[in-house]
């Protein structure tokens, strides 16, 4: 027996059962004073919130005659509410002590409570719902049947009642019996008959006969009130079947007691003989309460226990304070009609928990007489022969089963055997695979942790350099170098180990491929059989599940490490910011602050406020170079297992990149330098314009650089952009056809069939290729073409950059003024453009001479600079000259 069981056996176990309300209580609608909180806690007379008559005002002592609620909490070993069944009570009370009873310990179960609280129903029950006594007998004989091959068990039962302080035998018609105390047997009832039933049916019949002889009379409280205390006792004697000179015999006694309920004559209306019965019942229960109080009071040593004050307490002497394991079932009523009885029952039950007893198994060692030796020897010889026969039968049965198994293996389907063999191989492979994978993920986590710690150490050292003195910086530098060297050494060791684990994983993958190819030989058309395919799929799913759980654990560890660093950083910031603000205002008040310091303080304020800053794509970020810490997405990402494809047996080692992590780059626009910053050289122009996307064949692209001022005249090669719907209305139909035919380099020869301007375009392109042969070929014949200067698309001189159609900033008024200023400074570069050798158009900017009404015509002329046919006449639907406008 374990130590826990011994501790429980030394203390009385107390349970409480709350019965449902009867018809009378429901009719009168008495309030409930007992509330079951859970399986162990019970609340008696709890406080209830009452709605006050006055709105928003609580009245105190409104009814001075009203009784205050006790609001008591009781804790017991088990609490059963109104919905509990007889089987539940038996499972938690008597059934656990049956094992102790079979081991030779005395056990007692008794029901205690007021009249009408449900004690008799709990112990005896009815035909539809049998009680604890009936269920105990069934389970006891069931246990005896299980051990009958090892031990000889004999049972004896007795049934008595204590009526008006007299003991009567319920199984026979006898007079009052006397109580004696024996030094060896303990308390003994002289003249009590013992019956030896052979089965559970016989013992239940005896129990039924005894209940019929029990004294019961109706009262005003209970129609079937028990007027006596009933004690049902079972004696069990166990002896080993093995013949021996020294026999060990176990003798135990179990007592199942149904006590009569305490009552008050004013409530029960008892008169005459009923009044005498009630007086004796209360006397015996009072003596029982005094015994419980004396046993529960462990502070006083050598205290007198008043067992002799009643016949009932004398019978329960062994059960309460002797060598016995006792369980008390306290039955209570939830109604306020039995308020005092319920309170007294709970009070005595709570005290009974403190009663302790010393348990001892009743094992007797019987030495046989010398005259019995011959008989014992014969019994042992017979037992030896019986055991030999059993052993022989067992060996024959085992040999027969082995032959049957061999026959099954011989006659079984070869495919089934192969399937079982492959299943075992898959189990072994995936067990190794799971271990290797777990080791790999662990190494990956340790490497990430080392990288994170290294970055934290470097960051901490930078902060120390900015804050501390030189002596402390030197010490911190030595400490940092030592830690970084240690982390580096550890990381190198982990990397080597990681490579070894990766090789092991590759070997396991090769073996898995070989097994899959062998499994394909079993199936039809080179497919794996369905059973093996399901088995393989289950193994993969199980491996993925284990891997995800491991990754979650590793992510939690890394997150904890990062959270610790964040807390330290937050503590530093919380300490520095108030000091910085205080120093700033001190300098401000004394006038020692300058503009640079104010600007720095404003920048810090912006950082603290977390304001968002809009920046162009080509502008450099000051904090971009300070990203020493690894990203959270990269930190929390572990290498995933890719689906394994089956390969032939002769294939070499599988892809070693299975375990490698594929970096996920953040999508961003390709930054192109601003064309205004390009130097006027052929090489630089070609290097910046090689293999750009074709703007004719694709949609409009957003601007990829920040427009900037141009202070010097530079030779520009504006990119060909797809004209929008607004510019298409200004361009003529011939120029649109020419632009559409430039979409593919292979179709440039077809341009000769169209307008004359297209031949000029092709010639200019060929001239450009001959002039710069080092230009790289086109990336794609359909998706992109080289962006060439706009001068090759016209026979006139090229326009300056300010005269071109702006791509983004042209829609703002400020940009228009900017380009007008640039046009005056770029006219000087027009003459230098004529020396390039290409046919160009030149339109002079006369915006300063002409009136503002002609700006509309001038803009239309600017957008038609991409015309390729110089002989075509410009046609306008409306003449916008000065005379027509007026």
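One is the number of the first residue shown, and numbering goes on along the chain from there.
Note that Cβ sites are derived from N, Cα and C of the backbone, with glycine treated the same way.
Going by Swiss-Prot, these are the annotated features:
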- 113, 114, 115, 116, 117, 118, 119, 120: ATP binding site (BINDING)
- 370-404: coiled coil (COILED)
- 24: SUMO2 cross-link (CROSSLNK)
- 683: SUMO2 cross-link (CROSSLNK)
- 782: SUMO2 cross-link (CROSSLNK)
- 862: SUMO2 cross-link (CROSSLNK)
- 11-355: domain 'Kinesin motor' (DOMAIN)
- 674: phosphoserine (MOD_RES)
- 695: phosphoserine (MOD_RES)
- 826: phosphoserine (MOD_RES)
- 774-804: region 'Disordered' (REGION)
- 862-886: region 'Disordered' (REGION)
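Feature annotations (Swiss-Prot) mapped to structure.
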| residue | record | DSSP (3 states) |
| --- | --- | --- |
| 24 | SUMO2 cross-link | helix |
| 113 | ATP binding site | strand |
| 118 | ATP binding site | coil |
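All chains included, 21 other C-beta atoms sit within 10 angstroms of the C-beta of residue 118 (ATP binding site). Neighbour count (other Cβ atoms within 10 Å of the Cβ, all protein chains): 24 for residue 115 (ATP binding site). Predicted-model confidence for the domain 'Kinesin motor' (11-355) is 82, expressed as mean pLDDT. Most Cβ neighbours within 10 Å, among the binding-site residues 113, 116: 113 holds that distinction in the structure as shown. Over all protein chains present, the Cβ of residue 114 (ATP binding site) has 24 other Cβ atoms lying within 10 Å.
If you take the C-beta of residue 117 (ATP binding site) and look for same-chain residues 6 or more apart in sequence within under 8 angstroms, you find 19, 261, 331, 332, 333, 338, 341, 342, 345. Neighbour counts of Cβ atoms within 10 Å were compared across the recorded positions 24, 119; the minimum falls on 24.
Each residue contributes its Cα atom, and for residue 115 (ATP binding site) and residue 24 (SUMO2 cross-link) those atoms are 15 Å apart. Around residue 120 (ATP binding site), a 10 Å sphere centred on its CB holds 26 further CB atoms from the protein chains shown. A gap of 17 Å separates the Cα atoms of residue 114 (ATP binding site) and residue 24 (SUMO2 cross-link). Residue 118 (ATP binding site) is 15 Å away from residue 24 (SUMO2 cross-link) when you measure Cα to Cα.
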